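Trainee: Per Swiss-Prot, active site is recorded for 17, 151. As annotated by Swiss-Prot, ATP binding site applies to 109, 110, 111, 112, 113, 114, 115, 116, 117, 118, 119.
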């Protein structure tokens, strides 16, 4: 008689991110842009529960516990999904992979500029590594993560990091002091490629030569290390912001409202449309989030830095 199959579930959470700084170089011949960015992992997490299945193959579903309103949102559940791709890569690396079902709990906005899909992929890498006893080191997982997308290695790493190249060359930054933010979510997404194309168009129309970014402003890292939101508020930068606002002009109003109601500064997070408002402290963040919510916005107080992908449970069923 064959050995009886016992299903096992490994649950992993991985954080979304805010780009505290994002400088974007000119369009390269390969179609990419070089960037210099400071990533901050924040306390808004995706979760992936990877369950071994007796039948081979990879299946994906979205958990009913997801806090996002996903009506009308097209999330592919096949090989186009980053979590699916991550599981497929791990299956190739593992000696005895089983089938696997991935249940994703969505909390980070889809196409919101916070790396939600990348967090799903990072969580899946870690979950499948544990599920199939692959024994890969964090460094090996990070190498696989880079194959999946520029933001995936950071969600695996977490904390604060400087990203160069296309964002994939990561250097951890020793900045552990808590910074408090209010995230304002939109009820629509912005395509990252569309935002970059819009930026290229704006720059072409201006005829200004854009230098390649080689590093980030050291003042940003100093402010993060010291936990100094006042200084940080003066040096926030996002080269994609004007492109995002060109595509969604209402984002400017949201930033203005946040700053008028007490935020030290506001910016588009990554390619948007999520807005990140920097608060003086956790109390200020909570008050601001509550006020914006009363005004009809979908707002949430978060903090960072937080750790990267972590196993939160491992259960034999």
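Each residue, glycine too, has its Cβ placed from N, Cα and C.
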Trainee: How many whole Å apart are the CA atoms of residue 151 (active site) and residue 115 (ATP binding site)?
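Mentor: That comes out at 6 Å between the alpha carbons.
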Trainee: Other than 109, 110, 111, 112, 113, 114, 115, 116, 117, 118, 119, which residues of the chain come within 8 Å of the ATP site, judged by Cβ distance to the Cβ centroid of those residues?
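Mentor: Apart from 109, 110, 111, 112, 113, 114, 115, 116, 117, 118, 119, the close residues are 16, 108, 274.
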Trainee: Go through 111, 119, our binding-site residues, and report the one whose Cβ sees the most other Cβ atoms within 10 Å.
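Mentor: Buried the deepest by this measure is 119.
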Trainee: Could you say whether, by DSSP, residue 109 (ATP binding site) belongs to a helix, a strand or a coil region?
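Mentor: For residue 109 (ATP binding site) - judged by DSSP and reduced to three states - the answer is coil.
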Trainee: Is residue 119 (ATP binding site) helix, strand or coil when read with DSSP?
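Mentor: Helix, per DSSP.
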Trainee: Translate the DSSP assignment of residue 151 (active site) into the three-state scheme.
Mentor: coil
Trainee: Check each residue in the chain of residue 109 (ATP binding site) that is at least six apart in sequence and keep those whose C-beta is under 8 Å from its C-beta; list them in sequence order.
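Mentor: The answer is 68, 116, 185, 186, 189, 274.
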Trainee: Quick check for the class: what is the C-alpha distance, in angstrom and rounded, between residue 117 (ATP binding site) and residue 17 (active site)?
Mentor: 11
Trainee: Taking the Cβ of residue 115 (ATP binding site) as centre, how many other Cβ atoms lie within 10 Å?
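Mentor: That number is 29.
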Trainee: Report the nearest neighbour of residue 17 (active site) in space among the binding-site residues 111, 113, 115, 119, comparing Cα positions.
Mentor: 115
